Amino acid sequence: MKDYKSTLNMPTTGFEMRANLNVKEPKIQQFWVEHQIYEKLLTKNKDKKPFILHDGPPYANGNIHIGHALNKILKDFVVSYHNMNNYYSPYIPGWDTHGLPIEVALSKKIKLSNLSVNERREQCKKYALEQVNNQIQQFLRLGMISDFKQRYLTLDHNYEIDQLKLFTYMLKKGFIYQDFKPVFWSWSSQTALAESEIEYADRQSSAIYVKMKVVDHNDLFTDKPTSLVIWTTTPWTLPANLAIAIHPELVYSLIEYKNENYIIAKPLVETFVKKVGFEDYKWIKDFKANTLEKIKYISPISKKHAFVIMDEYVSANDGTGLVHNAPAFGLEDYYACKKYGIETVVMIDQFGKYNALVNDLELENMFYEDANQVILNRLMNEHLLIHHEVITHSVAHDWRTKKPVMYRATKQWFVSIEKILPNILQTLNNDVKSTSFRGIERMHEMIVNRKEWCISRQRVWGVPIPMIFDENHNAIMDHELVENIINVLNEKGVNAWFDLDVNAFLTPKYLSMKNKTFYKEKDIMDVWFDSGSSYNILGHYNLNYPADVYLEGYDQYRGWFNSSLITGTILNNRAPYKYLVAHGMVLDGEGYKMSKSKGNVVDPLDVCKIYGADVLRLWIANSDYQNDTRISEEILKQNAEIYRRIRNTLFKYSLSILNDFEPSVDFSFNVRQEEQFVLNEFNELHIKVIKAYENFDYQTVVKLFNKFILDLSSWYFENIKDDMYCLAINDPIRKQIQSAVYWILKNSLIDLTPIIPHTTEEAYSFLKDANKKESIRLEDFYDQSQFQFKKGIAHVKAFFSIKDQIFNELENARKNNILKKNNEAFVTIAKNLILDDYLINNPKLLAKWFGVAKIEFANNTNVANANFKKCLRCWNHFPDEEMYNDELSMNCYKVINKIK
């Protein structure tokens, strides 16, 4: 038996089935860098409409984690797509390079306390730049389009000056002020925090009911000992008690229990007595709140006399309706006491320890949480503790250190949000869209209840607050003076603030005041003020405000989205973004948060080593990223399987049958109806893909392509094999098939480049095309409107309407050993199944589409073995009249003769 394999057009390509992405991807990335593909892309698009994704700066500290990968790769999808679809879309990455984490990380390496302020700042800058350079290399490994040469750092001189100018503008407009009042204080970071830096976690606390003995009651009560009863979950604040607040509209009851009197808000009496076991209490009388105002009592720890005040913040929902007030450690307490002229005494220092103002030798220098038990013991010993229990409740924590925070009164700088809130809400509602139906709503929730933003921090590594104080330590709110400070810093560098004497920043007006002493502000600005002014960099690159899109994790609704919205609205009277896209967090395969202690951390660079960056990118594209998404070995394997289908079924097979095709010579849209059908199917896919990219919906892109490849491989690729392998190499039918496959392959490569750019670049390099670009990234998405294939498609659709039913019949025939392969089959099809006259009149074409030996139409559908002879070249089965001899069909014989 003769071997006819040498006469066939067997598929061949150098594009490997095995991806070896960990080896190939770095080489492809090097190709992009050496050939300046990013620069050429921007040059190509420079006159097109801009689409600007403004990069939210990650923190320059440590290696990138899987959350970084999710964020940066999503951004790369956005930028890559727009650059390939008629937009000018530069990607300018940024880094947040100031703040506490850098100081903390550096303190583990060197003793910062031994250095001067500027020496510490120089060390912080050096460390931050090292971290940026490290992260750049790691981000590049993910396959990002940017060359990272154009970037912004919050420590850049021009950036800092822009930020200082923004501060000055806000000061001029009356949005910035200084005040002394309780703010969130992180003893673990030794600095004030803004609300956006607070996260809440459950924590156990002591909840206590405490007696505060009345000493002067103007004969309101009986002669029996009388106490005001308070409830608190912060026993450590009792040494700072300076008042008890009651609600002016509440009624208060005097009750008796075991020869002692107690005052409780009337609506809470029953709850109180059940909780503390006073069931057999005796009601004595009720009072209006104003009759209790100014009644004196003994503060239980300090033993000083204090008095009752009234304020509407007091609630009858829990506790006793009497609130212990420590104005240094509660904002409501502070405002309530301020109305009565009660002085605020801050008896806890920046480290969370009692200072000398506590006037208590046992408590002085004690950490505030450690004092809880000491205070409980004293209350018990003095019979002032009515009831004690441990409760679990939500407590504010420093989101960096994860330690609890307190309210602590300090002098701080604030931005008034109340003053700009109407403008913020207007621009949020009118100018901003979001991919999430709750996106704008969440932003609204985050901003509407914020009265102010504390922007001062008690650290050294950051942008200084450019304010000067007089000899009474009052801030000089002189705009000309502040502008002069910024001019000096612009000339000499921001470090000059920490290095030069105050006189270097004074204007002649103040220098002439020879007998006056002036002081520089020591605080720096909140890093959220740093990053919240990052939109200023757009102007340096001739890009317009606002940016088209901000894309970050959903935690940035309270962070960068929020701070940028506040400053941007103050400066430009509209939000700095048109579109908000928020992604969730990355969890492990079981849905748990990743942590080193659990051993469930997934390193994106390890994923790149094992699977390749393109599989990592495909996992991200294939995730519902707007919610928390999971990653595990099993999930990565599932996406690796999808990747293999794309690589081998679509890319490799298509390349292998295009090895003798030159588009500049052979390509044509004048193709058979089969090709028209698949081209039309691809065009419909392409339209949906473009829409999905526009909507930041990458999961739909993956699903669409996955289904298309399955459909393509299950019929069209199988159907064309005979023609591709067996027809003469230059047969017009082969060229029509290759034209369709070329078009689908090339545009699939383009469509998928935003998601798997390394693989599409590799496949593109094997695509024979005299007119192709230097890189796949320099290609453009095609205009789908040019496709109007209608003629002939209806016949293929009619075939598809019965395809599955006939294939099921063929499968049953194989199971019943009637057939070994479909091409042996003689199929009769019930006439009522197919309504297309063209197909009824062309049974040979229909047989070819079904891949069977013969088709006829009858009253019933049936599958039998045709018992035809097999051609040893094409392996199809033919009746005697279509065989040249016992080995070859007439078609194969003619082709071989042409080859000879």
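Cβ coordinates are placed from backbone N, Cα and C, and glycine is handled just like the others.
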From 93-97, 593-597, 813-817, the residue range that Swiss-Prot assigns the feature motif ''KMSKS' region': 593-597
Of the residue ranges 58-68, 80-90, 388-398, the one that Swiss-Prot records as motif ''HIGH' region': 58-68
All-chain count of other Cβ atoms within 10 Å of K596 (ATP binding site): 7
Local Cβ density at E552 (L-isoleucyl-5'-AMP binding site) - other Cβ atoms counted within 10 Å: 21
Cα distance (Å, whole number) from E552 (L-isoleucyl-5'-AMP binding site) to K596 (ATP binding site): 24
Three-state composition of the motif ''HIGH' region' (58-68), taking helix and strand from DSSP: 3 helix, 1 strand, 7 coil
DSSP three-state assignment for K596 (ATP binding site): coil
